[in-house]
């Protein structure tokens, strides 16, 4: 069993990013750290997107309305990941907009309770993502929505990887800080994989325009979010990494829908 290749990295990335049952043998007797395995984050994301897309296809095949199919896909993603990234998005919203100092913002982000800003953000985010998936189903078909989920979930985790590399840790001793940061080579590999899967997911329905739209929007919004993180807390935390993934996924879907 080749534990240290890309397949092993993908399985270990799935182990970190999801709650899927995975063979324990892939996690034993390996010295690989998460920042190195992170090159496979986009592949893990693509697998999660594929599974969510299958749920969407099944819902569509039994004649559920597009809204129900879209919400089932979103729910499947949250169930598979334990709402890991959604939790980060909510905590980030509470911390950034519920306090006036960096230390207080970080304290709020560690609090497991959900606040007003988190609740509003998650409701709005879910509504917008569902409407975008509905638009893809209506304009292109459920099969293309499946491909879009593969591309979106892969590319957004590549964006998260670049975000993680680019920003310093805002909370010494926190989860993100204790894991270290991915090296440049890891980021390049991960972004290449994310771009490949984004192309596979978007080109069949939206063509090159969709791909360019998604890349431009993801770059702009993640750069803006990085600037916001530096201004609010002086860097990144595990919560902001999750938020970056969520923001990137929404930006990519918007780029596709604009091209349909």
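Think of each number as a place in line: the chain as shown, counted from 1.
Each residue, glycine too, has its Cβ placed from N, Cα and C.
Checking Swiss-Prot for transmembrane segment across the ranges 93-113, 240-260 points to 240-260. A contact links the transmembrane segment (42-62) to the transmembrane segment (192-212), because at least 3 Cβ pairs that are 6 or more residues apart lie under 8 A.
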